[in-house]
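K.L.:
Questions regarding the structure given below will be posed in turn.
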Amino acid sequence: QLTPSSFLRIGQLSNVDLNEDIHELETEVPRQRPNEIPHNEKLLSLKYESLDYDNSENQLFLEEERRINHAAFRTVEIKRWVICAMIGILTGLVACFIDIVVENLAGLKYRVVKDNIDKFTAKGGLSFSLLLWATLNASVVMVGSLIVAFIEPVAAGSGIPQIKCYLNGVKIPHVVRLKTLVIKVCGVILSVVGGLAVGKEGPMIHSGSVIAAGISQGRSTSLKRDFKIFEYFRRDTEKRDFVSAGAAAGVSAAFGAPVGGVLFSLEEGASFWNQFLTWRIFFASMISTFTLNSVLSVYHGNAWDLSSPGLINFGRFDSEKMGYTIQEIPIFIFMGVVGGILGALFNALNYWLTMFRIRYIHRPCLQVVEAMLVAAVTATVGFVMIYCSRDCQPIQGSSVAYPLQLFCADGEYNSMATAFFNTPEKSVVNLFHDPPGSYNPMTLGMFTLMYFFLACWTYGLTVSAGVFIPSLLIGAAWGRLFGISLSYLTKGSIWADPGKYALMGAAAQLGGIVRMTLSLTVIMMEATGNVTYGFPIMLVLMTAKIVGDYFVEGLYDMHIQLQSVPFLHWEAPVTSHSLTAREVMSTPVTCLRRIERVGTVVDILSDTSSNHNGFPVVESNPDTTQVAGLRGLILRSQLIVLLKHKVFVERANLNVVQRRLKLKDFRDAYPRFPPIQSIHVSQDERECMIDLSEFMNPSPYTVPQEASLPRVFKLFRALGLRHLVVVDNRNEVVGMVTRKDLARYRLGKEGLEELSLAQT
């Protein structure tokens, strides 16, 4: 038997208490943690709530909207632009901070290890150098993993699946907190410096989203500060739009690709979209790239030359030297197929690994140990490969940051070391741009094989880390290998330049793992600064996606599914026309009367077994026995605010009430409404009545019970609903459709399958 509180972790959405403000009230029960957590991917978790993307149009809301005149709406619009500019600037600055700190710390580490290796190569005893390198890596990663595992588990992984869920309308605890941002940034720095096979690009997307959510609310719940600005935006609808802008700003800061950022937000992130949003998001992305560019240019000492648009710069590809001919297109398509197969293999391995992690490595201390193990193994593998490699290249004319001589002759360096003894970003650029002949095919083959398994093992550890750069690096390595073997076959003909094939291989591998098409094409084009390759890159990515989807779904979707998150895709499952709303809906429904006893409301809210969040309001007719028709819908959060302010009918008659409740009272309680246990209602007050008519939403969306599942799904998904009331022909409530009822049905291998619901 499992307590819901035994944390389930994967690439880390974990089961966290939402109401930390009242931790003091609950005495902690000592928890026994089981050694194995049984986990089945055919489950949907009930611990995730939905967001209210649909505004509740009650009387208060309508009154406020009618009071706002045209000029006031214009100021709101200006505020939106200001927020987008601030999002861009701050995301750019965070990216600069990460970049500069990583560069300095990693440089320091590599210098220390290099001096040590040079010293011991001369007099023997290289095992000390290995110990030093492995210990440095493991200790740095230990710190990075400790802060994630014990302080903020949501900050693990790249954060893209979490943001995707948030934008889809699932409330993932703590995902856009300031605390998460701090842990994310520190964790990324530590895991990249610790030499893990990770990149710092994925987490930038999460960081941008957190920044956006924080700025647009004009207050911080972590710091308990309220700046009293942007109060109009304190609702889920507005917050979502800014979060998608933040995600785009994160992509454009990471790759120097503002258009790619907008398209990423459109393709991977946002579930809702309109034209005004596109322009604002593009603005935020541009500002973010520009900020990063100017700050880094000043830092590198050439203030007027804006030369570093993104965290990763693939360098410029010259069109003259690197054109492509028509007969190469089949070769590119073949590379796409290889990338799709390798990507599917990567995802399948990572799937089994993640299942193992959920079952056995769910304790924070074990997670930290695993992260340290991976760090030490990464260093050891790198060291052994460099040690065994006899691939020596002349030093002059090469741009290697830390040339390791090891057993090479004087004036030469070990070319395996350029791949392992460097941050992954630099290695990618080296593979793209080093002149032909810089790498031995054997070196590249061994490197690809090793790095593939290391990257697969690393994704899903309890550290903040992205999967973008490792996939690019694996792809660039096998792509370059492919190019070298082609030039052997064609006797060194001019078009078989290995750098070009490295670029195609990188695109194929990344496309095969994350299955992005449109945004990835544009990101690669913007990052290389070359439009010539648009067509081949698009072909490669399409092929990789088609081939990969044949075997297994993309990495992010897979992790969302492993989390048991009720994620709604664009369309209902294809074969679901036979189901109707009657089969899908949840019954019985807990209804409230329009004028209800306070005691009844408190009891319904305190009932832990049901824990509903929306209640249909029906006409209160004491004389008739039949259930009366639907009058509106009221949310748990609204009821809690009403109880907290004690808005009772009796008090209104006694003229005790000083003022009417305003919409501001509801906004101030957002996003963390107090739990019902913290609200004290005396015995006398329980007998009072409460009038819901001006707080309920009088026009909730309803469907008849004969509506087919795809129709219900379309309505629910397109409007971003949280509750959809099912009524019969007399307008009486018969059921309620929520996100879990729709996400339960999924297309499996045999056709339509229904997932079971689990509490954990």
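Backbone N, Cα and C atoms are what each Cβ position is placed from, and that goes for glycine too.
Reproduced below are the annotations present in TrEMBL:
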type	residues	note
TRANSMEM	81-102	transmembrane segment
TRANSMEM	130-151	transmembrane segment
TRANSMEM	181-199	transmembrane segment
TRANSMEM	242-265	transmembrane segment
TRANSMEM	277-299	transmembrane segment
TRANSMEM	329-353	transmembrane segment
TRANSMEM	442-461	transmembrane segment
TRANSMEM	467-489	transmembrane segment
TRANSMEM	501-525	transmembrane segment
TRANSMEM	531-552	transmembrane segment
DOMAIN	696-754	domain 'CBS'
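Have a look at these and tell me how they're positioned relative to everything else.
P.N.:
Below 8 angstroms of C-beta separation, residues 181, 185, 188-189, 192-193, 200, 204, 207-208, 211-212, 215-216, 230, 233, 242, 245-246, 249-250, 253-254, 280-281, 283-292, 295-296, 299, 311, 423 of the same chain, each at least six residues beyond the ends of the transmembrane segment (81-102), sit close to that stretch.
If you look at the transmembrane segment (277-299), the same-chain residues 6 or more away from its ends with a CB under 8 A from one of its CBs are 80-81, 84-85, 87-89, 91-93, 95-96, 99-100, 208, 241, 244-246, 248-253, 256-259, 261-262, 265-266, 270, 305-311.
Beyond the transmembrane segment (329-353), the same-chain residues lying 6 or more positions past its ends with a Cβ under 8 Å from any Cβ of the stretch are 452-453, 455-457, 459-460, 471, 474-475, 478-479, 482, 486, 501, 504-505, 507-513, 515, 536, 539-548, 550-555, 558, 562.
Here the transmembrane segment (467-489) has Cβ contacts under 8 Å with residues 158, 197-202, 254, 312, 331, 335, 338-339, 342-343, 346, 419, 424-425, 427-428, 431-432, 436, 439, 441, 444-445, 447-448, 451-452, 454-455, 458-459, 496-510, 513-514, 555 of the same chain, all six or more residues outside its ends.
Summarised by DSSP class, the composition of the domain 'CBS' (696-754) is 16 helix, 20 strand, 23 coil.
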K.L.:
Taking every residue in the domain 'CBS' (696-754), what is their average pLDDT?
P.N.:
87
K.L.:
Is the transmembrane segment (242-265) packed against any residues at least 6 beyond its ends, judged by a Cβ distance under 8 Å, and which are they?
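P.N.:
Answer is 83-84, 87-88, 91-92, 94-95, 163, 166-167, 176, 200-202, 204-213, 215-216, 233, 277-278, 280-282, 284-289, 291-293, 308-313, 468, 516, 518-520, 522-523, 525-527.
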